[in-house]
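Copied over from TrEMBL:
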| type | residues | note |
| --- | --- | --- |
| COMPBIAS | 1-16 | compositional bias 'Polar residues' |
| REGION | 1-23 | region 'Disordered' |
| TRANSMEM | 70-88 | transmembrane segment |
| TRANSMEM | 95-117 | transmembrane segment |
| TRANSMEM | 137-157 | transmembrane segment |
| TRANSMEM | 186-205 | transmembrane segment |
| TRANSMEM | 211-232 | transmembrane segment |
| TRANSMEM | 330-347 | transmembrane segment |
| TRANSMEM | 374-395 | transmembrane segment |
| TRANSMEM | 416-433 | transmembrane segment |
| TRANSMEM | 453-477 | transmembrane segment |
| TRANSMEM | 489-512 | transmembrane segment |
| TRANSMEM | 537-555 | transmembrane segment |
Amino acid sequence: MEHATHSSSEGGIDSQSPPPKTPVGGWRAVRYILGNETFEKMASMSVVANLVMYLHTKYNLDNVVSANVFNIWSGSCNIAPLFGAFVADTYIGKFYTLLFSSIASLLGMGTLTLTAGLQELTPSACKGQTECPQPNAWQIAVLYSGLGLLVVGSGGLRPCNIAFGADQFDTKTEKGRAQLDSFCNWWYLLFTVALLIALTGVVYIQTNVSWILGFAIPTACFGLSIIIFLLGTKLYIRIKPQGSVFTDIIKVVVATCRKYGSNAGQTSGKLFYDPPPTGSESQTAARTDRLKFIDRAAMIMDPSELDSQGKPTNGWRLCSVQQVEQLKSVVWILPVWITGIFCFIGMNQMNSFGIFQAIQMNKAIGPKFQIPPAWMGLAPMIALSIWIIIYESLYIPQMQKRNKNESGRLTMEQRFKIGIVMSVLCMVVAGLTEMKRRNSALKHGTFESPITVALLVPQFALSGLIEAFAAISLMELLTVQWPQSMRTFAGAVFFLSLSMASYLTSLLILIVKKVSGLNGNSSWLGGNDLNKNRLDYYYYTIAGLGFVNFVYFQFYARHYLSDAAAVENSENQANSDPVDTEKGL
């Protein structure tokens, strides 16, 4: 499909059809989508928060294996939305993608519940700290099957839930845009509530009461999410699949390679296939001079490349200028995208090794209550929330008063730099904390250090600030620099950066373990006891990578931020006709 339109619908109501007898879309439909999302997030986030603990305690996997399994699984959950968005946009639409993904998540969570309830599916418990039976191939296969189904579920749920909710409103009207704003606010509010319940109540039950009950609750939540979603079936507006940006980008790559022998640098006098926008595409990207070698995909080298109606005879040989500019915009942002990935590597450590630190610290509050290690995940969320309140309510108004003609906001470059610095500080603080924890444990000759787990709060809070500055800035960059037709693609690319960070973390763990253990030396990582490791050295290594990332951004990647802004301004001038601006997600 060369020029996708987005005005038709399937299974719901078409925008050109007469008004239906039963109202479709709007808040009557969205309440079921919000209910589905709330219970789904409550279930999935409880697994994310405590999976490392489950692998460590129920499957007797050592620290390195547990961390790698978590990182690979987390990375797969974040890369799966690329495929989920493609399937939804090209084949079955968002409704069926959400439904099938919810069913896959239910089956995956049910499988994990079985592993917790059936003794045959997990190895026997450890005897002391040294004799820990390892799971056999069958037990691992069942575990990975459950995790794999959760990956399939996340692939469809993450890119489609908000987008499907947005489909229920007519954003061409002021009322529709206001409703969309309200929907986003409710979505984030309910997401926060679900996250709090998952990180406090469900995680506490998993850690201190029963893994069976702690997994049965998320399973029931997935089941409820499906029931609630299906209750609104007759009310949903279902947009017909119109084709995916992924397909357009691949077509441009193929067309560019096919015309490799062409002299793309000599563009003067060349004809380019640049049809007018169709359907809802009210704004197009003007042809730019950057990355000229890609322009050959839109060059009309032979009149036979167009049919009698002026359309390409082969969409894999001739693409439109719009398609070419989409690929250019993706390639142009890659240097900054790489910066974000290396920021997220530091953030990832708190979900695995940060939890292992908490396990080997004093978690007692009073004579009876023990803090679940996964509760440390509340610190990043709290730090992020506090910063947003300070930034929006105090910093911006003060800057606006001081500089009356400016927005008062930090520039994107400033926020990226702060995010990189926070990633370095997070690892340095984590290393110092680990050194203090380890020395205390060795001094007292105990597995758990007598130092309170509260000492981990600063490093977890700093990981939340990485998200506040680097993650939010990257998402904003992808959303602002790419056209509205690429918004779903932008979300998938953002999740891909998180995925790459997880995979690189797993690779880094293996490299550090191998290299540090050369020449008969004791490896920095491995086993079930951090007191026998040098986790602090590992943290300092990542801090060093963060410093390299800062130098890379300062002397190279940051220039692409200013260049992208210049390109955006030129494109805005080229598209200076009045358009109906819609608020994106």
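Using the three backbone atoms N, Cα and C, a Cβ is placed for every residue, glycine included.
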Residues sitting near the transmembrane segment (137-157): Cβ under 8 Å, six or more positions beyond its termini, same chain? 40, 44, 47, 59, 73, 76-78, 80-84, 87-88, 97-98, 100-112, 114-115, 120-123
Using a Cβ cut-off under 8 Å, which residues of the same chain at least 6 positions beyond either end of the transmembrane segment (374-395) come close to it? 49-50, 53, 192, 195-196, 199-200, 203-204, 206-207, 350-351, 354-355, 358, 408, 410, 453, 456-457, 460-465, 467-468
Report, as numbers and ranges, which residues of the same chain sit near the transmembrane segment (416-433): CB under 8 Å and 6 or more residues beyond its ends. 336, 339-340, 342-343, 345-347, 349-350, 354, 357, 410, 455-456, 458-459, 462-463, 465-466, 468-471, 473-474, 535-537, 539-540, 542-543, 546-547, 549-550, 553-554, 558, 561
Given the transmembrane segment (186-205), its same-chain partners at Cβ distance under 8 Å and 6+ residues beyond its ends are 34, 37-39, 41-43, 45-46, 49-50, 162, 165, 213-214, 217-218, 372, 374-375, 377-378, 381
Winner by Cβ pairs under 8 Å against the transmembrane segment (453-477), considering only 95-117, 211-232, 330-347: 330-347
